[in-house]
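Okay, structure first, notes after.
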Amino acid sequence: MRIVFMGTPGFAEVILRALVENKNNHIEVVGLFTQMDKPFGRKKELKAPETKTYILENHLNIPIFQPQSLKEPEVQILKDLKPDFIVVVAYGKILPKEVLTIAPCINAHASLLPKYRGASPIHEMILNDDRIYGISTMLMDLELDSGDILESASFLREDYLDLDALSLKLAHMGADLLFSTLKNFSSITRKPQDHMQATFCKKITKADGLVGFKDAKSLFLKSLAFKSWPEIFLENSLKLLEVGLVENEKSHKEGEILEIDEKGVLVGCLKGSVRVAWLQAVGKKPLKAKDYLNGRRLKIGGILA
């Protein structure tokens, strides 16, 4: 079984790795299509996608393609690879009709479709405090995440997971699901999506990390969803790191400092309170919350803003 893999970030790399390192000799990854290297950090040095890095670091004999668009000559390149399936995981591009007709294009999407179509389904699961997390495989069509569902897998949340932990868990689940979908493709009954039930999620931006001390539960969930990027920060750009939800009922002044100890600072919200372990000012290293407050001469009863 010849597979062309299309994917870019770490989530896709976990699934690509599983396909490449599988012990089933019937699966062969014959090509990687991924996004172009992009400037990263203050020095704007080019950074390769995680999927590309995995192939290069492991000296794998898998050709890598990073086209700006999926037109000619890329369509012919795809045809020449003679894939039995094209597997798409967080690629970042919509596939044109010319690609969709080369081979069945199977997308692993990190939600229980038709819920959370779009770029940030895992963020949305966390932000909406979902109790059930899941992933779907679907047969791609010309619209965004609207194709027939092939299979899905899910689990009941037992504890809160941040973006990194949930992404990793769903990626491993997605790899297992893809193996099943590829193996049983010819016998799977496709399930058309109920488009009336579809919900959509947008691309995350830096501005999404801006928070205030209004609702403790919402602030806590944002800290989980935006842990890797953009993190969460106040209007003065002070980052709140390692945030825990203490309670979500009592009413306090926004940003009121309720307690200070070695575990961090307990901060009141209009609804509830959170404990913040570390604080980081712009251009500075993270500090224990207690040390940061001492440096700013902020005490119990003061306002963190």
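Here the Cβ of each residue, glycine as well, is placed from N, Cα and C on the backbone.
In Swiss-Prot this protein carries:
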- S111, L112, L113, P114: (6S)-5,6,7,8-tetrahydrofolate binding site (BINDING)
Comparing local Cβ density (other Cβ atoms within 10 Å) for the binding-site residues L112, L113 points to L113
Around the C-beta of S111 ((6S)-5,6,7,8-tetrahydrofolate binding site), how many further C-beta atoms are within 10 angstroms, looking at every protein chain? 25
Using a 10 Å radius on the Cβ of P114 ((6S)-5,6,7,8-tetrahydrofolate binding site), the other Cβ atoms enclosed count 20
For the (6S)-5,6,7,8-tetrahydrofolate site built from S111, L112, L113, P114, further residues of that chain with CB within 8 A of the site's CB center: H109, K115, Y116, R117, P121, G134, S136, D145, I149, S152, Q193
